[in-house]
Amino acid sequence: MAIKTAFKGVLLDIQRHFNVSDSGVGLLQTVFICSFMVAAPIFGYLGDRFNRKIILSCGIFFWSAVTLSSSFITKEYYWLFVLSRGLVGIGESSYSSISPTIIGDLFTNNSRTMMLSVFYLAIPLGSGLGYILGSSAKEAAGDWHWALRVSPVLGMTAGTLILFFVPEPKRGHADQLGGRIKHRTSWLCDMKALAKNRSYVFSSLASAAVSFATGAFGMWIPLYLFRAQVVQKTAEACTKDICSSKDSLIFGAITCVTGLLGVVIGAATTRLCRQKTERADPLVCAVSMLGSAIFVCLIFVVAKKSIIGAYVCIFIGETLLFLNWAITADILMYVVIPTRRATAVAFQGFTSHLLGDAGSPYLIGLISDALQKSYTRSVLWQFLSLGYALMLCPFVIVLGGMFFLATALFFLDDRDKAEKQLAAMTRPPSSVKVS
């Protein structure tokens with residue numbers, strides 16, 4: 001994650017170097033996510049049939065090489081830089097699609113749960129470190145291009161270690177249900193069942209709302225806070241070769257901490273609330289989302305006067321937003337039978353990106369550009385227009401909270417239905433039909 005997000009630590013430099021608008025910068029993340037979505041099912045198919053660690057290593061080598069090459073693209077070829085982000089998304093999809101399946105075949109029961117939790121904890125931690133890595137490399141070298149030259153070294157090192165030291169386990173050898181399942185369903189049947197699973201559908205839509213907000217924040221918040229400081233006259237507009245990276249460093253550190261805190265607090269809170277209600281999982285997610293929306297709104301209220309106050313709101317808002325990541329995965333495990341879980345996870349991820357961070361960075365940039373054109377261009381209006389565009393995020397977060405409340409309505413029924421289906425599948429062959 002740190003490798004693919006290192007460019008965000010120098011986003012202001014990229015915008016100034018290529019002389020592009022806010023929507024042009026937002027396009028970088030949109031192209032990345034779109035290529036990621038298209039390639040993920042292909043790597044999923046390959047990962048079920050061929051050597052996974054070779055595919056995984058090749059994907060990492062590929063995206064590292066493309067990232068390195070993109071650092072030499074001149075300012076006349078921004079379209080080529082955008083294309084390079086799309087290619088990085090293809091390499092990233094190999095890693096995200098295949099890595100969980102290797103972990104799943106290396107560990108069982110509680111060990112598997114713990115290792116997958118560690119894997120998913122790397123998402124916020126790696127994203128935050130990416131900001132720090134990119135900003136630090138730029139400061140050390142005095143050139144933002146080095147943010148895209150240092151990170152590929154780490155990627156190639158990781159790819160080499162995986163290739164030579166990670167074992168290639170046999171598929172399903174750790175699945176203790178594999179020998180007892182008597183009834184299996186087709187992919188089409190699985191998709192129909194998932195579409196009818198109301199808890200799964202609503203929790204997937206809520207997950208998309210989370211992705212929408214985190215994708216927009218990751219791209220725009222450091223730039224927004226920099227513009228706030230320019231308005232407050234505590235920083236100068238970037239007119240030099242090297243722009244300030246202080247906000248990217250701070251935002252990266254906050255993302256690391258809030259990601260870890262969110263997952264830990266979410267797990268502990270849910271465990272405690274389960275003693276009071278069986279609907280604890282979706283209810284905790286709903287409350288955290290609605291609470292996050294309040295603090296996200298406050299960011300744009302206080303940023304003009306107090307950067308420290310804005311950082312406090314970001315810290316609390318992100319912690320509440322990240323709180324539901326692990327819980328959402330638990331909800332899926334409760335309401336989807338084991339033989340459909342891989343398909344359910346893949347489709348939920350696809351939906352989250354499609355409706356979430358695939359378009360949110362570009363959409364926010366587009367709204368910001370439109371607002372800037374509607375009024376006199378000034379430093380203050382640049383700051384305000386981006387803030388008004390980002391105000392879309394708390395409304396989407398509230399919508400996500402509503403989806404989690406809808407999940408709570410159907411959670412117990414869908415969980416009981418999944419348990420009955422699993423019981424039917426582990427019985428000897430009979431006329432029972434699994435839908």
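Easy rule for this one: first residue shown is 1, then count along the chain.
Cβ from N, Cα, C; glycine included.
TrEMBL has this to say about the protein:
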DOMAIN    1-417  domain 'Major facilitator superfamily (MFS) profile'
TRANSMEM  26-47  transmembrane segment
TRANSMEM  54-73  transmembrane segment
TRANSMEM  115-134  transmembrane segment
TRANSMEM  146-166  transmembrane segment
TRANSMEM  200-221  transmembrane segment
TRANSMEM  249-270  transmembrane segment
TRANSMEM  282-302  transmembrane segment
TRANSMEM  308-337  transmembrane segment
TRANSMEM  388-412  transmembrane segment
Query: In terms of Cβ proximity under 8 Å, which residues at least six beyond the ends of the transmembrane segment (249-270) contact it?
result: 9, 117, 120-121, 123-125, 127-132, 135-136, 218, 221-222, 225, 280-281, 284, 288, 311, 314-315, 318-327, 330
- prompt: Average pLDDT across the domain 'Major facilitator superfamily (MFS) profile' (1-417)?
  reply: 80
Positions on the same chain near the transmembrane segment (388-412), where near means CB under 8 A and six or more residues out: 22, 198-199, 202-203, 205-210, 212-213, 216-217, 220-221, 224, 278-279, 281-283, 285-287, 289-290, 292-294, 296-297, 299-300, 321, 324, 331, 334-335, 360, 363-365, 367-368, 371
